[in-house]
Each structure stands twice: as C-alpha cells, then as structure tokens.
Amino acid sequence: MPPFLLLEAVCVFLFSRVPPSLPLQEVHVSKETIGKISAASKMMWCSAAVDIMFLLDGSNSVGKGSFERSKHFAITVCDGLDISPERVRVGAFQFSSTPHLEFPLDSFSTQQEVKARIKRMVFKGGRTETELALKYLLHRGLPGGRNASVPQILIIVTDGKSQGDVALPSKQLKERGVTVFAVGVRFPRWEELHALASEPRGQHVLLAEQVEDATNGLFSTLSSSAICSSATPDCRVEAHPCEHRTLEMVREFAGNAPCWRGSRRTLAVLAAHCPFYSWKRVFLTHPATCYRTTCPGPCDSQPCQNGGTCVPEGLDGYQCLCPLAFGGEANCALKLSLECRVDLLFLLDSSAGTTLDGFLRAKVFVKRFVRAVLSEDSRARVGVATYSRELLVAVPVGEYQDVPDLVWSLDGIPFRGGPTLTGSALRQAAERGFGSATRTGQDRPRRVVVLLTESHSEDEVAGPARHARARELLLLGVGSEAVRAELEEITGSPKHVMVYSDPQDLFNQIPELQGKLCSRQRPGCRTQALDLVFMLDTSASVGPENFAQMQSFVRSCALQFEVNPDVTQVGLVVYGSQVQTAFGLDTKPTRAAMLRAISQAPYLGGVGSAGTALLHIYDKVMTVQRGARPGVPKAVVVLTGGRGAEDAAVPAQKLRNNGISVLVVGVGPVLSEGLRRLAGPRDSLIHVAAYADLRYHQDVLIEWLCGEAKQPVNLCKPSPCMNEGSCVLQNGSYRCKCRDGWEGPHCENRFLRRP
C-alpha cells in the first residue's frame, strides 16, 4: 500500500474512534444562561414571507449517523417556522457526489408535511462535492422560490470537507442576495464553514450537534436582520464569547535517529542523524463570537428564599424546591413558631475534625433555622459559640433581635481549626454561654444548648455534660451518624439527638429541632408527615352537646401533631343536613389557627349521610388542588354515632383503594352493622361507649394514626394529576401524562397550540 494511502487509512480510523459528544463548540456563559438559550429556542417563531432551502451533506465523510442529526436539526428549525404558501416556504437538497433535489420550495404548504418529508430523506453517500451543489443553485436558482422581493435563505449543513473550491460559488450566491448559514456537523472544518457563510460570520456559523443552541442562533440572526421577528419584545440578542474546535492530525517532532544518506556527487552512502516525527490528534481552537437570544425568566428575580432552588415552569411560572422546613410557602418563606420562651445557644464545632465544609454547613443550618423561627414578636433569644481548643462566644445570647442583623453577624464567624475539645466547650458553655444576667425562678426562660458536630471529641464528655444538665440546661445534639453514640451520651437521651445522612438531610432536621425546643415529651409522632382529615357527624341524632364533646376530642388529638405545611396538615369536614368543609388541609398552617377553626365548626343538624361525606372528602378535600401532598400518608378519622352509615362502605373502600386510610370511631352502647361495614378491617374501628368517654381513647387513636403515617405510600394514590391526567410511577418518583390540551407537572395548565 502506498504510504500516503496508509496514512489516510490511519487518520480515518483514529477519527472514527473519537466520540461524537466531544465539545466542538463551547459558549462561555453560565449554566443558567445556557438554560435560557435552550428555553428561548423553543419559544421562537418566524412568520414572514421568506424562502428557506436546506442543503444537507449526504457524503461518506459525514456518515449516516450525522446525516440523521442534520435531519433532526432541520426538523427542529421547522418547528419554529410558520410554513404556508404565503409565509415561509421550505425546500431541501441532499448533496454528495452530485446534488439531488429532495423537494422544491413550493411542494408542501404545512409544517407537518415538510417535517414528514425531511424524516423520509435517505442517506446517499459518496464524495463531498459542495462546489457542484452550489453551482447547481447558481445556475438554476432555488427551485420553487418566489421573486427577488422575498428573502432567500440557504442553510448548508456539512462537515466542511469539500473536495472542491467553495469560496467562489458561495460568494456569487451571496452577491445575488442569498443569505447563507453554514451549520457544522460531526467534526466540522470551521475554515470552510466560514468561507461558506454570510457576514458577519459569528451570526451565520452554527453547530448542528447542539441543536437547541443552533436553532436559537439561527432565529437570533433572522431577528437581527429584520427578516422576521422571531422572539417576544422583552427578549434580547446578546453576543457571547465562544470557541469552535476542530479535530486534526498534526505532525510533531519526536527526535533524531541514526540513518544512512546517499550522495549523487560522490555515489557514497554516509551515516547521519535524521529527524523523525509522530502523528498526534489535537483539537485546534478557533475563538469566535456567538449571538444568542435570551428571554427574562421567572427565576431572574431570585424569588426562592432560604436556600430554595428556583425551577422555571413555562414562560412565567416557577417552582421553588425548598428545604423541608421551608416547603410550606411558594417562595420557601415558611415561618415556624416557638410556643415557649427559650434562650438558645448554638455550639458549632470549628475544629479540624469537622473541616471547613462541615463548619460552613453548620452556619447555613443556623441561618435557615433563625429565618424560619425568629420574628419581631418571637420569645426566643439566640446566640452562637464556636469551639475547638477553647470556647469562643461569637454572638452572645439575645444580642440581636433583628433577624437580618443576626444572620449578617453569622457571616463573620471564622473557621478556627485545631483539636476537638467538646467536653471543655460544654463546661464553658454552661458557665458563661448565657451571660451573667440570666433571670432566675419561674421568670427564667428555658435554656438550650444545640451542639452541631461531625467529629469525635478528643477529651472526656460525660462529666461536662452532666455538669451542664445539672445547671438545668437542655442539651440537644445534631450530627452525622458517626457521632450518634457520643451525642446520646452528651444529651442523656436518644430522643435529644438528630442525625443526618447527607448535607441536605441536615437542613431537613430544622422542624424536628423546632419541635424539641419546647416539647415536654408528648405522645404522638410529631415529626412524621401526614395529611389528616377529621369527619364529624353533626346530624340531629348527635345533638349540640355531644358535638361539643367531639370538638374537644379533635382539638386534643390535633395537639399531638406538629401542624405546619411540612409535617402534619389537618382538615375538618362536618356532615348533617348537608356536607361542609369546615377547613381544608392547606388553609390552617399553624396550630393556633387550626384550633380556632375547630372551635368555629358549625353544628348542622338534620339527617346525615356518611357515604356522601366520604365522597366529598375524596373529590374535594384529599386532592392536590386542595392541598394534599403527593408521597405523604393520608388518613380520615370518622366520628359518628352510627346513623346514616348504611351507604358508607363503598365510598370508604374507594378511599382505601386510593391510598387513604379510614378509621372509624363509633360512639354508642351498640355498634350498627352499617358502621361495622364502614370500618372494614377490625383494627380500623374504635368503639366508645359514650361521647364523654372519647378522651380515654385518644392514645389508641394517636397510636393508630402514627402507625399509618409510617406506612409506605404509592405516589400515584390518590392521583396528583389534574384534569384527567394519568399518574405514572417512574424511578422512585412520578410524572403526569396529560390529556391533549393540558400540560404542566400536574396537568394544571391549558395548552393552546399555535395556529
């Protein structure tokens, strides 16, 4: 084999081994801007009189796979074109050894027809005769095109490895008023693409492999040249620095080696040192400027607070992915409340064992807790101390009552490093962590030390911890699994320890910490998420006095749960002469508001139907639209004397089939058969002899509810999808498959197709 053919074969082999996903173009912008470029490409729409001809390279150097990507790019561009005989006309050529007209500009009058025809294009193979294709268009024009008053656009999709000279025919085309876009595919030769493209080159040279970026660039140029206005007025075209890369084989000097050289003059062969070279694959970089359109996004104003992540949803909507403690509000601005007076000292491990990353996470945890809990009328005072070799009180307890000032002061606390002397820090915190002016007697607030650490202590902790607890300090520990045993020894109880598995899980401990600060070891499952609806029989058979007993019982039960949008949500439905929602799941986000609403629930009288009330809960209470949370256990507690329950068995089973537990509290000396059928399983029925005895069965009810709250859930039961959308389980989550005309995460938005 001749040497040059051998080299060519080696080059082809090496090029074929390079994965096509290598970054052949890089726009130097942030990930957020890249997302905006991608989003804008889907919103751009060209509706003007213009003739657009695609010229697709179908040669062997492109290959069948890259030809399919070229077709995908052309189809994506067509998605943004108002194709009709009067507006945008589209045609297509394929070229290799010879040019082949796939369809002229006047063949199809709808977008669907054009896209379907492009999909049917078949790869031909052959040489890359770009020059012949351009000359064909020079001699015959754009087939099916209109007169010169209509802008003519030629979009050439090629790898730029033509076997002829393309500069002259492309120049002549441009002189005739044809706007030429050169779109690279596979490993493009950018020099040839620049020779093909119209001026300015940065606006007319694109890369088909990055289809959304290329589509955006093409429509941005059309907008800038006033061919068609493809974006909304508030969108803007901006120039960004970018790089184009070309994969080439280059010869590299490798050294000298002994060789023999002949001389014609002496007819002798002489020993000498000859240079030798190696071939190497390299990316050659071409600096460029890329022009792209971006539109204002709903997340530009940073609406999500407290570390929440803003996720755009369409043009104007957004969703905040909030840490657990802040998930109850649209902007992660949930305010938890403390129902006791407390002096709180956060004790942060600033030793080398925790590391700088761990220390910074602890500071963020304190910031988020402070934002969630403190307010102008808060009865909590907060301080912060750090420790390694010794204790440093960085923010004395109560120094700041203004939340922004307190958060700002936390930013200035430095990481110190050094040994982890937790025992010494606990002793010093007990002695001087709360200052010397602490009130005594009943007027003194509860004093709490919250220790945050990820490393084992290098000194003894049991004695200092006992010393701190003897001074009436409540010790709470927050740490990784590795230090659980040590934290339990320090706090004196496993119930005073909060362990996290990863950095995000640390922030999920905020509501649990808030609950422990004022809790007195009440029964219940205060940190378990639950959607709970009480259904009260307020028919004439119950009577106003017994209804008041039921209200008192519901208030007492609800107090055993942490009522806020991140943990337990409570709703109340009453039924008698009619069915009425006293309050929905997401309408009373605090315990105080919920208790007031329970007391204000109306007594209806009349004849009640438990079945109708259960269907009301199924249709109008336990739904995503009314505040029910996907992935959270759900339960309904029915309190009734038994009358009107004859029609309730089927509706109750409907609730159970959709993942909603139903417990019946039947009151009266004898339970009716209808009430037994309503209850279903025997463990879903609590029999109470009289309304006055309800309070004696509270613990049994709470235990049952806590058990239900810990059961695994099916994210699609009840379905979170609206407007008859179908819920599909997928990779531990779910997605909603929407009917035609609806879109959105829960099929909540009506989708109007463009004409």
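If you go along the chain as it appears here, the first residue is 1 and each next one adds 1.
A Cβ is built for glycine as well, from the same backbone N, Cα and C atoms used for every other residue.
Swiss-Prot records a disulfide bond between C716 and C727, which is the match among C727, C736, C738. The candidates are N147, N731; Swiss-Prot tags N147 with the feature N-linked glycosylation site.
For C299, the disulfide partner named by Swiss-Prot among C290, C310, C320, C322 is C310.
Disulfide pairing as given by Swiss-Prot: among C274, C320, C322, C304 connects to C320. Within 10 Å (C-alpha to C-alpha) of C747 (disulfide bond) lie the following disulfide-bonded residues from C299, C310, C716, C721, C736: C721, C736. Counting residues per DSSP class in helix, strand and coil order gives 0 helix, 12 strand, 25 coil for the domain 'EGF-like 2' (712-748). When the disulfide-bonded residues C304, C310, C320 are compared by Cα distance to N147 (N-linked glycosylation site), the shortest distance belongs to C310. Over the domain 'EGF-like 2' (712-748) the predicted model carries a mean pLDDT of 84. Using a 10 Å Cβ-Cβ cutoff, C716 (disulfide bond) registers 20 neighbours. Taking a C-beta cut-off of under 8 Å and a sequence gap of six or more, C310 (disulfide bond) has these contacts in its own chain: P298, C299, Q302, P303, C304, Y318, Q319, C320, L321.
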